[in-house]
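Structure first, then comments.
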Amino acid sequence: MTSLPLTPVNPDAPARRAAMPPRHLADFDLAGRQTLVTELGEPRFRARQVSTHYFGRLVRDPEQMTDLPAATREKLADQLLPTLLTPVRELACDDGATHKALWRLHDGSLVESVLMGYPDRVTVCLSSQAGCGMACPFCATGQAGLTRNLSTAEIVDQAVYLAGVAASGAVAGSPPRLSRVVFMGMGEPLANYNRVVAAIRRLVAPSPEGLGLSQRHITVSTVGLVPAIRRLASEDLSVTLALSLHAPDDELRDELVPVNQRWKVSEVLEAAWEYAARTGRRVSIEYAMIKDVNDQPWRADLLGRLLADRLAHVNLIPLNPTPGSRWDASPKPVEREFVRRLRAAGVSTTVRDTRGREIDGACGQLAAAEGP
């Protein structure tokens, strides 16, 4: 294997200072919304009324809330329901089962989110940052660099829009209701900790305060920000933690996941096991299979030893192509042998379904490009 240049990364570095978007009702819980509507001279019940439209009926345009007086709708459009995401392009593939949306934010930043329909469920993949500062060399988002954190409402609004797409029947062969959310889009979710946790609370709060999703159907991915993992374990949440490991040894992980230069494999796994112990939730270990880089039998055996008898599941990801990448996905026989060795060690292992490749909507491909 050709050694890669180490890319220093500072996980504590702030995102570029940029004007955050105007406030939106999804930035607040129901009590906060009630305070806001009274400040606007409206009765408190308007907060529940508008929340029912937004979270219960998936209506994002105040003009469609026709049971509200026209003057109230105008006030709300300006103060509580500003446009946060302007659609640039929406693409579909997998016979209509996968949709990718490209959004322009108020400051011109671009982000993407993906909807994936299955016979028994509908999942959305949300972005938490515009770009990403983690600099993983095999990920298109990481190579683009970090622009800024998204607001709570910018995160939630992606889910509400895509839930509306599902409700419209546009996702072939799938239920009409959003059931799962994965924070695996653009950005490192735990580097935008407060807003991501607030967004999770909106997603799981019962309607009309939120979307009413199950906490157990929310997955938060991280490259391994150890203090944030421990902080998440202390929250009153039982979401699934997905750890983007990609290598079982520090020498290689320092190259593939530069934040490993700050927190080594042993430290990251220790935090993950603490999370599993506190929440009772199995940790998902994400591992991109890269030909001749991290797919050797001895690395499978080492990974198996690290994970044996732990509350963990390995999710192997066939490497998805990105522009200019020097790497390829591991051949299928190599992938099968990797799986065999992990299972022989007693580690639950599956290979991820590669959805959205045709539209650059698969894992590691989100780059928010406006070109064709």
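A Cβ is built for glycine as well, from the same backbone N, Cα and C atoms used for every other residue.
It should be emphasised that the depicted structure is a prediction, and the values quoted were computed from it without experimental measurement.
Swiss-Prot lists region 'Disordered' at one of the ranges 1-20, 101-120, 261-280, namely 1-20. Taking each Cβ in turn and tallying the other Cβ atoms within 10 Å, the top scorer among the recorded positions Cys125, Cys132, Cys136, Cys139 is Cys125. Counted within 10 Å of its Cβ, the other Cβ atoms near Glu112 (active site, proton acceptor) come to 27, all protein chains included.
A straight line from the CA of Glu112 (active site, proton acceptor) to the CA of Cys125 (disulfide bond) spans 9 Å. Mapped onto three states, the DSSP output places Cys125 (disulfide bond) in strand.
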